[in-house]
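Engineer: One structure coming up, written as structure tokens, with questions to follow.
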Amino acid sequence: MKLTKTLLLTGAASMLALSANAQDSGSGISDDTIKIGLIADMSGPYSALDGAGSEAAIRMAIEEMGGEIDGKKITLQTADHQSKADIGSNIARQWADQDNIDLILGGANSGVGIALQEITSEKGVAYINNGGATNALTNENCAPETGLHWTYDTDALANGTAVAMVKEGNQSWFFITADYTFGHNLKNTAANAVQENGGEVVGEVSAPFPTQDFSSFLLQAQGSGAQVVGLANAGTDTQNAVKQAQEFGLTQAGQKLASLLLFITDVDALGLDAAQGLTLTTGFYWDQDDKAREWSAKYEERTGAKPSMVQAGMYSSALNYLKAVKEAGTDDAKKVVAQLKTMPIEDAFARNGKVRADGLMEHDMFLAQVKTPEESSGKWDYYNIIRTIPGADAFQSIEDGKCEAAKTAMAEGGASGASGTESTSGQAQ
Amino acid sequence: MTDITKTEDARTVRARSRSSSILADVRLWAAIGFVLLLIAPHYVYPVFVAKILCFALFAAAFNLLLGFAGLLSFGHAAFFGMSAYVTGYCLQTLGFSAELGILAGTAAGALLGLGMGLLAIRRQGIYFAMITLALAQMVYFVALQAPFTGGEDGMQGVPRNALFGVIDMSTNMNVYYLVLGVFCIGLFIIYRTVHSPFGQVLKSIRENEPRAISLGYDADHYKLMAFVISAALSGMAGSAKVMVFQLASLTDVQWQMSGEVVLMAVLGGIGTMLGPIVGATIIISLQNELAQIGSISTIVQGAVFVFCVLAFRRGIVGEIKHRWALWRSRSS
């Protein structure tokens, strides 16, 4: 009985594969152009770490492919979502309906990012998010057949920092949390990681979002006697908290300050005097190794600045997408994404990268500490890389996630194998 | 005495309407506009026009309060955004049909408007504006924190449920005509409100509140009514927008949105029927077109606003009307 079922399934699967192959030869590249669209924050709070730099990074990837694939031109069009989900959504729909776009990149704003993923999934367009922090992209709102999440997510950053610091003997933690969903998610991920690794959360305080004056929260953190003060916030809130922590002499008194979401552009804005000693996790640092340095030098020649992890991620995702198009011989979103999932991702940005069934690009993250002004040799020389966090440790596993489509796909994959009993029964429930 | 002035008035009005050409007929213009909107989605991207209609209705609802009752509210995003969330919730979680979802959103806007209005209309001018702003910020924080709104991720992937449970709404074209219907109903309500005895009382309160009170009108009662109608229609616009974009986000409840609607109304011309529609069209088109040419969108919007404030004191439509009236009085 079970055997027949397995046979039938395998038969069906191979027929599907055959018909897909048959389509392949016919479909090829739609309108003889590979159209990439970037919907970025060109003028808002993320424009420094995304914006025009992202556009330059994608152009570098296109040039690296020679501007064409097998004689089919690669084009890039850009738009500014102005931090509004409806503007991003409007443009993405228009590009999909009228311009026949093949790939949409961007969405460095959680609301815009999820909206783009919903539309591209509906329209059958490939989508790669770089810069959106929310882990919903590969959980509740996942669209694993078309939508990928590339650079980082809240899990990887919070988890990475918390695990690595606890392992180094920083057992007791105090959290200052931005009082909205994002902040609480960040804090919960980090707090769980701390406790699972034998650490202890001695206290927590929620600060309204946004907050100018962190003094009472910082005093509580000092009073708690915790070894680490974790900042579960982002952007201006983080910058304010870090500056004021410096004024209160938090790190000088022996406590460590850990930011659960920090970009190199934030450090640049803060200056090393204020940011020194801060521990953080990053998906990319321009000075991490030779490959990264070489590419970042080219990028700097073009833009006058070192790339942020988001901009480097843009380059990497565009490059790998184009390689996958070349490999698959088509720009059909589902086929290219399926192709990406079989390729190892290894370039100037990613180390040991792979695209998972739920659409997350799992790759090594880096635990970094911000240099002191004396250590730094100049602008952009900001981080000491303390250690590499393997992707599997940093990111949440598919089993622990909420992407049902990916779980089902994995269960089906298991069912066709010999030991498929458990997963089939799980799927039936 | 009063009778004589009345009949004189009526006679002059009739004389004027006879002498003025067919061009002054509202119904004719409304019909032309309606036909243009009917065929518009075949030439322009329907989602884009639908978005303009949503914001035009929002701006027109806001204008009802500012232009005809003289109340400057800085909290209209609260109605627009909260109704969007309510509609989204009804469509997504409760599985309402499209028209019930929009009605629920409109009702939410009206209720919120009643609550905010009761507190705010007791004060005038800058105090009124500040109270509405403060209350809207409270609504914003509810939207930010309440679990059902999805916080800064927003409410995403809201289904476009069928209209009356039978008419399919999955295509952009069908949604466009639904939004057009909602827009026309909303605009008709505003037109009727303004051109009714109720609207006359509102205008008299705007011009001279103590005098209106001395004539026996309960000014607070009228202002509250206007506030609730305006809030309900703003909510209707927000609800229609959810049908178009299948999402409700914090952008819609943020104070910037309250500012944007003021901008639309002032740019087009407050106190005119057409003004807010023109204003909304310009602002939304600018946002959409400039989005694709780099990082200058907000700067250009600001420059356009400054230019219009300097060059067209009465707003674009207001200024045209004024010049037209001047030209006519000179030529006659």
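Every residue, even glycine, has its Cβ placed from backbone N, Cα and C.
Below are the features listed in TrEMBL for this protein:
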type	residues	note
TRANSMEM	B:26-45	transmembrane segment
TRANSMEM	B:52-80	transmembrane segment
TRANSMEM	B:100-119	transmembrane segment
TRANSMEM	B:126-148	transmembrane segment
TRANSMEM	B:175-194	transmembrane segment
TRANSMEM	B:261-284	transmembrane segment
TRANSMEM	B:290-312	transmembrane segment
Engineer: Is the number of Cβ-Cβ pairs under 8 Å between the transmembrane segment (B:26-45) and the transmembrane segment (B:175-194) three or more, considering only pairs separated by 6 or more positions?
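Structural biologist: Contact confirmed: at least 3 Cβ pairs fall under 8 Å.
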Engineer: Within the same chain, where does the transmembrane segment (B:175-194) have neighbours whose Cβ lies under 8 angstroms from its own Cβ atoms, ignoring anything closer than 6 residues to its ends? I mean 6 or more beyond.
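Structural biologist: Those are 34, 37-38, 41, 46-47, 49-50, 53-54, 56-57, 60-61, 63-64, 68, 98, 102, 160, 163, 169, 202, 226, 229, 233, 236-237, 239-240, 243-244, 273, in sequence order.
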Engineer: Which stretch, B:52-80, B:126-148, B:290-312, tops the Cβ pairs under 8 Å count with the transmembrane segment (B:261-284)?
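Structural biologist: The listed stretch sharing the most Cβ pairs with the transmembrane segment (B:261-284) is B:52-80.
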